[in-house]
Amino acid sequence: MPTNIPDHAEKKNNAVSVEFLLQLPKTLSEPNKKWQLAFVKIYCSRTLLNCAKHAVQKPGLFPRSLSYTTIDLDHNQGDFKIDQETLNDLVKNKNQEKLDSLGGPNGLVSSLKTNTRLGINEEANNEIERRRSTFGSNTYTRPPSKSLIHFVIEAFKDLTILILLGCATLSLGFGIKEHGLKEGWYDGGSIFVAVFLVVAVSAVSNFRQNRQFDKLSKVSSNIKIDVVRNGRRQEISIFDIVVGDIICLNIGDQVPADGVFVEGHSLHVDESSMTGESDHVEVNLNGNTFLFSGTKIADGFGKMVVTSVGMNTAWGQMMSHISRDTNEQTPLQTRLDKLTSSIGKVGLLVAFLVLLVLLIRYFTGSTKDESGNREYNGKKTKSDEIVNAVVEMVAAAVTIIVVAIPEGLPLAVTLTLAYSMKRMMKDQAMVRKLSACETMGSATTICTDKTGTLTLNQMKVTDFWFGLESGKASSMSQKVIALFHQGVAMNTTGGVFKAKSGTEYEFSGSPTEKAILSWAVEEIKMDMEEVIGEHDVVHVEAFNSEKKRSGVLMKKKGEITEKSVVHWKGAAEKILAMCSTYYDGSGVVKEISEDEMIKFEQIIQSMAAKSLRCIAFAYSEDNKEEKKLKEEKLSLLGIVGIKDPCRPGVKKAVEDCQFAGVSIKMITGDNIFTARAIAVECGILTPEDEMNKEAVLEGEEFRNYTQQERLEKVERIKVMARSSPFDKLLMVKCLKELGHVVAVTGDGTNDAPALKEADIGLSMGIQGTEVAKESSDIVILDDNFASVATVLKWGRCVYNNIQKFIQFQLTVNVAALVINFVAAVSAGEVPLTAVQLLWVNLIMDTLGALALATEKPTNDLMKKKPIGRVAPLITNIMWRNLLAQAFYQISVLLVLQFRGRSIFGVTEKVKNTLIFNTFVLCQVFNEFNARSLEKKNVFKGIHKNRLFIGIIVVTVVLQVVMVEFLKRFADTERLNLGQWGVCIAIASASWPIGWLVKSVPVPEKHFFSYLKWKKRS
């Protein structure tokens, strides 16, 4: 008898039958396997037929027939139980209801097929690639870089270039009209070619520098992040993060992607980069669990599971519309702009006067053509000829402006900054702000950290005290060992990993945490997983540089009545002050008497005197409050001494800085005895300093001084121990108030204010938090003080190279302006044509900048005193050098201008060629003089600068081509060997003149300061 079974019930029965058949054991005999397969087919057919009855017909895809069924399958999410759209909505909209429907953070972790403790199993088949193709990569599309065309257009926006192009166009038009196309294009065409050459070189240089800055930008955004994969905590690039990764977050870290908090304590996030709100947001499992990419961890620690990466995050979308601003104006560039403007105004005045004189002489009939006839004969002169003559005069005047305006100065700064940035990367320093390159050259004081900067940051426990006894763990009671296991395993931000196949342990966390974990595992046989598995954390007080300690409140699992136990770890004297009892080696609790307190303090001092960092452990079972850790009447478990050896070469680097007139101050969180010992070892404290009681002090003492006392004593302080970030900030402010240019190193989140306040903030690339790096100007990639000394040398090199170029360019400017002005006023003509002056401009602006701006730093730079904050850009030494050379060039060229024809018996055109050739060669020889502002030997180290030699060779070759082969283009005549010899002899005289001039002493007080003093008086 047939029964009516509902369709949905039938479908369910068929599905259950298929599932049952598929789960049968694989050990079935061959006939049974065939029966199993047959039944599977039957039930699958029934299920599909049942689906067919309810299938939605999709017109146009298949014919309307019961034989066909359309089934939509979404393969985009692979076998993940959640899609990208849901994940995006989850964090962006802080959708707590959606998270709860997924089963909370744990349910989300399960849906993403990962594990809070073990992370992603990256050894599975292409697991990382599969996630990347499903959910996207953690990169964002950047705005396209500026093209070469952009820089060409920018170069053409220069007003002087536009005027020259206008003049060239008119000259070309009138020339063709007067002389025909074959002969008439030379004058105007020559200016066109020269202008385009100047524009091309300028555009290519700026384009290359822009590309260089883009590369550095990519390097600076490649942050290293701690993730857990295969149960192992490891460091990977931010770009390698995928959805489902478990990220470990600590104070100062940048959240690398959108995600959900899964475990941790006291986590506070600074969301100001996303929301603009300055208040820190607490993240925990009971309230807000959402974390946004680009935000910073302000306090605490924790883990998060990544839900969205790259362009699926709000941060990624925002960053894709932001391009790095490479137009940042450095203080030196601002000063140079003012200098350029001042020289430009002088050039404009000279050009106007030259144009006025030329026009007056032309229209009064004082000028003659090559045949000796007057160029202007009133109404007899054709209007075309008049306009053509006026255009030539305007072109000559505009070209004087082009030569006068030292537009090569900004290019020289850009070149030298870009070059130094590239070289500094090789020397382990990444420049984040261009201005830091040059400011570092003026630094008078460096305030440095100890750990990792002066020391290797390779920490190892070398001393251990339990009670008042020093010894090995084997002599300790089991009770004390068990308490140590708890205190180390539960109160740490580090981790221990041991591969199943290997015997070696891997330790993660800060160097101090790794040293303690290594000691606990190897010496007192701690099993971290076992200890964590037996206890629950109730509350955590994360370590911070103010309190210099961290604590944990915990209790045993499954024992409701068990009392909460508190464990503290931190700076030995801080923890000792919280203790009233101590455990001796046999596990007996004893009161700490006054005598014993003194003994403990002596133990700490003796360890500190050996340059050891002292960490104490304390505990108490009597913790009454649930959310507050007990801070008094604790029991001291023991003290460990951690050795962090000084970096090799750090003493030499400190001595180099001190020899260069830069004061080194060490600011550390360690106690005063450890700080003193390290300072002596590194050479910061000299024997004379040790006699001075004010050379070493604690942060609290400095803090408690009055402002006047701080200002009086700060310069004498060499070491500040037990300092807080506020003390560091206070010291920086005091030094700046006294006129010092201050560089500060920092690695912690709390160092950010001091790094920002300092003239140059130097963050640490290895130990530095992302907050510290973002607040700094330069990142020291290897955390080494020797690299800080190298940055100082590079800073001085940048400043020195720019001064060399200023001296070189101003010599050309002064000489060119005076020669053209005097010749125009006296003879009514300009000896150097527009094309010739543009060629000189190209030599000195671009090629000169390349030659002088890429000189490498020498050790001589570290023998000078710091430049300081208000030193003049053009020094007395530079004025002495440039005025001497300019006076020589002007004298020789004016003699050639007025007596050249009679002396050498040559035509007017050959005389003008001699002037042009001598002028260019003078600049080539003077380029050697500019290599050193003070040293007489200008050839020292020249073989190491191949670029300089190459540019000199190229300049000379091009000059020969200009004179000998491009006669019509450059308006020159061929010179014979004798005439070339005369030009070279005159130009080479600049070497002995430079040598003699450098023997002339100059006053230290700047020349213009006397003028100011006279004005005041």
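Every residue gets a Cβ built from N, Cα and C, even glycine.
In TrEMBL, the feature transmembrane segment is placed on 978-997, out of the ranges 38-57, 978-997. Of the given residue ranges 159-176, 663-680, TrEMBL assigns the label transmembrane segment to 159-176. Residues 343, 346-347, 350, 353-354, 357-358, 361-362, 366-367, 396, 400, 403-404, 406, 837, 840, 844, 874, 881-883, 885-886, 889-890, 893-894, 897-898, 915, 919, 922-923, 926 of the same chain sit 6 or more residues outside the transmembrane segment (810-828) yet have a Cβ under 8 Å from a Cβ within it. The stretch in closest packing with the transmembrane segment (188-207), judged by the count of Cβ pairs under 8 Å and taken from 346-364, 834-853, 947-966, 978-997, is 834-853. The list of residues near the transmembrane segment (947-966) in space but at least 6 beyond its ends in sequence, with Cβ under 8 angstroms from a Cβ of it, reads 839, 843, 847-848, 850-852, 854-855, 913, 916-917, 920-921, 924, 927, 931, 972, 974-975. Away from its own ends, the transmembrane segment (346-364) comes close to residues 375-376, 389-390, 393-394, 396-398, 400-401, 403-405, 813, 817, 820-821, 824-825, 828-830 of its chain (Cβ-Cβ under 8 Å, at least six residues beyond either end). In this model, the domain 'Cation-transporting P-type ATPase N-terminal' (95-176) carries an average pLDDT of 83.
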